[in-house]
């Protein structure tokens, strides 16, 4: 029954995610849909049962998030030279350029935290014998709803990292902190690399 619930939540969240990134940047529809995505992940996780917090330290996960950002920033310097990736990244960053800074930050961090609570919390716990592999695969499949290759690639890399953190720490706090730090730095520094494109 729990797996059926999680499957339904995953499909619903994926559909909303796809619609959110098909909507106009900075529009009420965009903010409404992204809020609905976060609410879907949180509601699904809550309905599935208790979410383990795991180890409570935040320094190591924060440093991991900063390190992941450094890797992605370096990758972005290369991606700017590849047209398909340049367009894909610029398309996502257009939501940061055209929206209210406070609204974009709130939306980004709320969704990042909600994703960890659902995918590395409830879904990971129900994933069976290979939770890192399974939860990451579902995370990537969900992200394909955006039809954005840059986001799909990022979901594969970061989903694997978050899954390993969940396994090692025993809960969602470590991947959640890493996700929030990584997202914050990406939002603060990545747009300027693609400002002309977006």
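Cβ atoms are placed via backbone N, Cα and C, with glycine included.
Quick look at what TrEMBL lists:
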| type | residues | note |
| --- | --- | --- |
| TRANSMEM | 32-51 | transmembrane segment |
| TRANSMEM | 58-79 | transmembrane segment |
| DOMAIN | 101-183 | domain 'CAAX prenyl protease 2/Lysostaphin resistance protein A-like' |
How does the domain 'CAAX prenyl protease 2/Lysostaphin resistance protein A-like' (101-183) divide up by DSSP, counting helix, then strand, then coil residues? 73 helix, 0 strand, 10 coil
Could you give the residue numbers and ranges of same-chain residues that sit at least 6 residues beyond the transmembrane segment (32-51) on either side and whose C-beta is under 8 angstroms from one of its C-beta atoms? 2, 5-6, 9-10, 12-13, 16-17, 19-20, 23, 107, 110-111, 113-115, 117-119, 121-122, 125-126, 171-172
